[in-house]
Amino acid sequence: MAVVAPRTLLLLLSGTLALTRTWAGSHSMRYFYTTMSRPGRGEPRFISVGYVDDTQFVRFDSDDASPREEPRAPWMEREGPEYWDRNTQIYKAQAQTDRVDLETLRGYYNQSEGGSHTIQRMYGCEVGPDGRFLRGYLQDAYDGKDYITLNEDLRSWTAADMAAQITQRKWEAAREAERLRAYMEGTCVEWLRRHLENGKETLQRTDPPKTHMTHHPVSDHEATLRCWALGFYPAEITLTWQRDGEDQTQDTELVETRPGGDGTFQKWAAVVVPSGKEQRYTCHVQHEGLPKPLTLRWEPSSQPTIPIVGIIAGLVLLGAVITGAVVAAMMWRKKSSGRKGGSYSQAASSDSAQGSDVSLTA
């Protein structure tokens, strides 16, 4: 079985959060597909994860002993066997479609048979505070690079290269944008509203961040101040550094928001400062769960060590998420992402259980 390097998976997963921000008061439902070929080691591995806002609610992995879509959120336990049966069949059909697409794309790019390749897809819809359709999106990627994207008008495509233009012409001839637009404005919105209602206790909560600062000597003359925010939900958060009240954006090292493994998120921002000048620097934290923004300043008497146990536990859980849900995480490393090949085929009717009836063929 082909193994994707952990660092690659971390990048994929963290990328999910970077560009899936919704407009204020809006909600989104997104699906992330990843298919990885492994020549000589069996069928490609197909993984799908679904998110409502920042919460994963379903998962499917073709490598499971008995591949079946599984719930990943409490409210999904309400769905009956018909829901899971139908969506499991959708995913199995998608896995076979992707297997063909991997061969097609390999031909488009004149690649040898021995290499491992990856197809990724992100698609979904977003509703405003009133529950009405706001926008839809679909992005495909091949081997980690943009391939083709459905434009915001949901009527036209942007192809990344000559190979993707072949797919674009096929999809235009088949009027796939029209079919996708109907799905996004109809089925997708209907199921998003249902999940928002059934999962409101989880999805409408706000967990404020637990914050602290750590100090790490770099040399005799410099030290790194790192501002931590842990255990917050939703994922949207702002960490900024100031020196004497002036923003230090250019000098700030900032990591993407990452899952903590327990339904909450983590993030840190760091600056390198002259030793002895730490008091001139402040970290400012803004989050929906805070009554007002927080301001942190390094106190020499405070403990300089990071709560390693908590961080490691989060990373271990993150690893579990990646191994099974991974993926998808795909792209959206700042609006990059999405891509794949071949042409669409309708894998299920518009009343499919979760509205994940977007599948492709080459």
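Including glycine, each Cβ sits where the backbone N, Cα and C put it.
Record features (Swiss-Prot):
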SIGNAL    1-24  signal peptide
TOPO_DOM  25-308  topological domain 'Extracellular'
DISULFID  C125-C188  disulfide bond
REGION    207-298  region 'Alpha-3'
DISULFID  C227-C283  disulfide bond
TRANSMEM  309-332  transmembrane segment
TOPO_DOM  333-362  topological domain 'Cytoplasmic'
REGION    337-362  region 'Disordered'
COMPBIAS  342-362  compositional bias 'Low complexity'
Cα-Cα distance linking C227 (disulfide bond) and C125 (disulfide bond), given in Å to the nearest integer: 34
Reported mean pLDDT - the region 'Alpha-3' (207-298): 96
Proximal but sequence-remote residues of the same chain as C227 (disulfide bond) (Cβ under 8 Å, at least 6 apart): T211, M213, L239, W241, W268, A269, A270, C283, V285, L296
Least buried by Cβ count (within 10 Å) of the disulfide-bonded residues C125, C188: C125
Coarse DSSP state, helix versus strand versus coil, of C283 (disulfide bond): strand
Local backbone state of C125 (disulfide bond), from DSSP in three classes: strand
Assigned element (helix, strand, coil) containing C188 (disulfide bond), judged by DSSP: helix
Protein Cβ atoms within 10 Å of C283 (disulfide bond), excluding its own: 27
